[in-house]
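J.: First, the structure itself, so that you have it in front of you.
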Amino acid sequence: MHAAVIVFPGSNCDRDLAVAFERAGARVSMVWHKDTSMPEGVDIIGVPGGFSYGDYLRCGAIAANSPICRAVVGHADRGGYVLGVCNGFQILTETGILPGALLRNAGLKYVCKPVDLHVTTDQSAFTQSYTAGSTITVPIAHHDGNYFADEATLDRLQAEDRVAFTYARNPNGSARDIAGILSGNRRVLGMMPHPERMAEPLHGGSDGAAMFAGLVQQLADA
Ligand SMILES: NC(=O)CC[C@H](N)C(=O)O
């Protein structure tokens with residue numbers, strides 16, 4: 001399984017994401033934001049967390065218009081897999097690959113701490129290694145993690161079983177406690193918490209590792 005991890009100026013979780021994929025058995029290519037295409041045979045694109053372009057004008061807004069993001073959109077349009085974590089989730093909403101937007105945290109503060117997440121669905125390559133209804137612990141680290149979408153979009157996400165994770169205790173004001181959502185074809189996941197930062201015992205927990213293991217298993221079989 002071949003994963004590409006995008007590197008923007010200001011990314012700070014790109015290496016963490018690459019290591020999480022590698023430890024699960026994937027081959028990883030790092031791809032610079034000025035590139036215009038993916039390496040041959042990429043199965044999944046990881047859009048990492050961080051502060052792409054210094055979070056100007058809004059988190060993810062400039063990255064969404066970077067040269068490489070045209071290739072990310074093309075990959076998603078062709079039914080390819082994409083994982084966007086934190087700033088990556090913000091970038092995926094800014095490109096329109098995923099619906100909604102990430103607003104300033106309700107408490108107007110940067111929040112950095114482990115949080116409990118409910119796994120809402122196991123019906124995706126990202127969440128198949130978890131039990132639906134179980135609770136996992138994964139850190140958050142963001143100031144713009146307050147998921148917003150109009151009521152019709154939120155209803156549709158829930159009706160289509162596309163809410164992947166919800167917060168056990170909402171840390172940022174997200175609508176309906178949403179921490180992560182899937183695309184309509186279930187091949188794109190955007191989430192604010194960082195599974196790659198809780199992926200081995202030295203991180204203080206390894207609940208995030210099952211996501212990468214599940215992806216490698218599914219995409220190796222594909
Ligand atoms: N860890 C991250 O990716 C942070 C994303 C963004 N810079 C924010 O603070 O909201």
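Using N, Cα and C of the backbone, Cβ positions are placed for all residues, glycine too.
The active site, nucleophile annotation in TrEMBL covers C86. Annotation source TrEMBL lists active site at H194, E196.
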J.: For E196 (active site), name the DSSP secondary structure in the helix/strand/coil scheme.
T.: helix
J.: Could you give the Cα-Cα distance between E196 (active site) and C86 (active site, nucleophile), in whole Å?
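T.: Given the Cα positions, E196 (active site) is 11 Å from C86 (active site, nucleophile).
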J.: Roughly how many Å separate the Cα of C86 (active site, nucleophile) from that of H194 (active site), to the nearest whole number?
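T.: If we compare the Cα positions of C86 (active site, nucleophile) and H194 (active site), the gap is 7 Å.
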J.: For ligand 1, list the active-site residues among C86, H194, E196 whose CB atom is within a distance below 6 Å of it, in sequence order.
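T.: The ones that qualify, in sequence order, are C86.
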J.: Suppose we draw a 10 Å sphere around the Cβ of E196 (active site). How many other Cβ atoms does it contain, all chains included?
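T.: By my count, 30.
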